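Below: the structure, in structure tokens.
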Amino acid sequence: MYRTHTCGELNIKDVGKKVVLSGWVDRIRDLGGIKFIILRDRYGVTQVVVNPESPAYEISQKIGREWVIQIEGTVSERPESTKTETQTGEIEVIVEKINVLSKAELPPFYPGDKVSEDLRLKYRYLDLRDKNMNKNLIIRHKMAQAAREFLNKHGFLEIETPYLTKSTPEGARDFLVPSRLQKGKFYALPQSPQLFKQLLMVSGFDKYYQFARCFRDEDLRADRQPEFTQIDIEMSFVEMEDVINLMENFVRYVYSSVGIKLPEKFDRITYDEAMEIYGSDKPDRRFGMELKDLTNYFKDTDFKIIKNVINNGGSIKGFITQIPISRKIASELESYVKEFGLGGLLWFKLENGEISSPTNKFLGGSYENISKDYNLKDGDVVLLAAHTNREQLNTALGALRLRIAKEHFKNLEEGFDALWVVDFPFLEWNEEEKRYVARHHPFTMPKNIDSKPEDIKAYAYDMILNGNEIGGGSIRIHNSEIQRKVFEIIGLTNKEAEEKFGFLLEALKYGAPPHGGIAFGFDRMVSIALRTSSIRDVIAFPKTTSGTCQLTGAPSSVDKSQLEELSIKLFDIKEGGDENE
């Protein structure tokens, strides 16, 4: 028997017991010839003591950190002065026998050391020994268990869908898998189980879910991975309200399993409201700074830049904040909004009851009226911008408010703000392809399909938590004629629609129920619960921002024989552009 107890289990009630523990040597101290070893496993730590007269003393002299050992001994109460408030802090084990299970070389770092993320990812098995990383994966497990408990209780079936499927791009690039048996043909790893879960609804499985692995070949950010986990959910015979109400309860239940209480009722705003007020379709409302339309305050101005914008149908918008402002800071913020296509940034502040601004000479009257109408107080700063494209203006100011919040508001770690964003545009214009594309995906039910393309709204909904989209879903199209019309609107010919989605169009002919669903980004849900800066901290073996695995070296080259078997030739992949066939 390797152990009778874990290293986080023993307490004062176990004093006098003979026990066997196994784990990693976390730390070693030598006090007056007595060896104090902190033994660690994923459950906790236990102090074990090797006295000079112990038969195990000689071997204890040779043990190093991160060795894996087994000890046998007797549980003893610690002296009062050495007790701690940890789980095993009242006891220690007096060692009678030590068995070395595995030696450890000097590691590149010890658990808990502050080292670069690249090094952590290269030696991820060492990194995961850290108590914080250990906690992250335990919390992830608890949230996954809670999700399954809730869905099982509400009659959902967990059903797996294929990983090797047909390439039907949904916005990002597919990861392609060559077929050895079907020369020249490829599978695609699924970006989501979207079409299969709809086919399950057609099959009569009215409540489905799975923890789906999804794959998207896209540029990565802190909250993106090329492979990720989503909780995929679909229901038949539901309207949008049914999905929203049940999924609110679902998310509350999952977060409550790790001690987080979410609001009893999630607010709901439209996409248009989100963009107008927060400059984002995933608004973070924890710090105010709502965007205000200030155009009317400048309609009589002679200030050329502002006047030209207004005369060309543009807008002036801004928000109130309480950050320290100076010409240097303002210049940095102006450079930032220029990255989003704005020409510049105006600002003024109220200081000792007076307006202070570099443009006070030209716009002081407008600033005074804004100050009065919005009841500004000393220290308030108003940041403003003007542009003829209102959407671009909203987006730039939305990004600016997020930057300011991140840099200046330290209390964002407190509390959780949850809401739904609804009434999304069904389509968006793709300038590169010169056509409309589906904003979510082309299987979403449109509200007013006969309207102008830019006016069509979707039965789509996103769940937002602390400014992060944790879930997105929609009511689906269950009528083949409507589905064909949507394909036509986004520029697919009948032939292209049949080639890409013929199996779906065929299925919709044979009695498809009204259905809808949602998918939750599970990695992101866990990351928010733990307030980590990156979802990499809640994934056991993540990829880097360049999509590589530091641990295994993936992606890697393969043998020429493997490529020949797949009838694949590679060109221009060596350094210097040398051809490799």
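Just so it is clear, glycine is given a Cβ too, placed from its N, Cα and C backbone atoms.
Since we're looking at a predicted model, the values are computed, not measured.
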Arg216, Asp217, Glu218, Glu469, Gly521, Phe522, Asp523, Arg524 bind ATP according to Swiss-Prot; which of Gln225, Gln483 goes with them? Gln225
With Swiss-Prot as the source, which of 194-197, 254-257, 330-333, 342-345 is set down as region 'Aspartate'? 194-197
Could you count the residues of the region 'Aspartate' (194-197) that DSSP puts in helix, in strand and in coil? 4 helix, 0 strand, 0 coil
For Arg524 (ATP binding site), what residues in its own chain, 6 or more apart in sequence, show a Cβ-Cβ distance under 8 Å? Asp223, Asn468, Glu469, Ile470, Ile535
Measuring Cα to Cα, how many Å separate Glu218 (ATP binding site) from His440 (L-aspartate binding site)? 16
Identify, in sequence order, the residues in the chain of Arg476 (L-aspartate binding site) that are 6 or more apart from it along the sequence and have a CB within less than 8 Å of its CB; answer 'none' if there are none. Gln198, Met201, Phe443, Thr444, Met445, His515, Gly516, Gly517
Quick check on the binding-site residues Glu218, Glu469: which one has the highest count of other Cβ atoms within 10 Å of its Cβ? Glu469
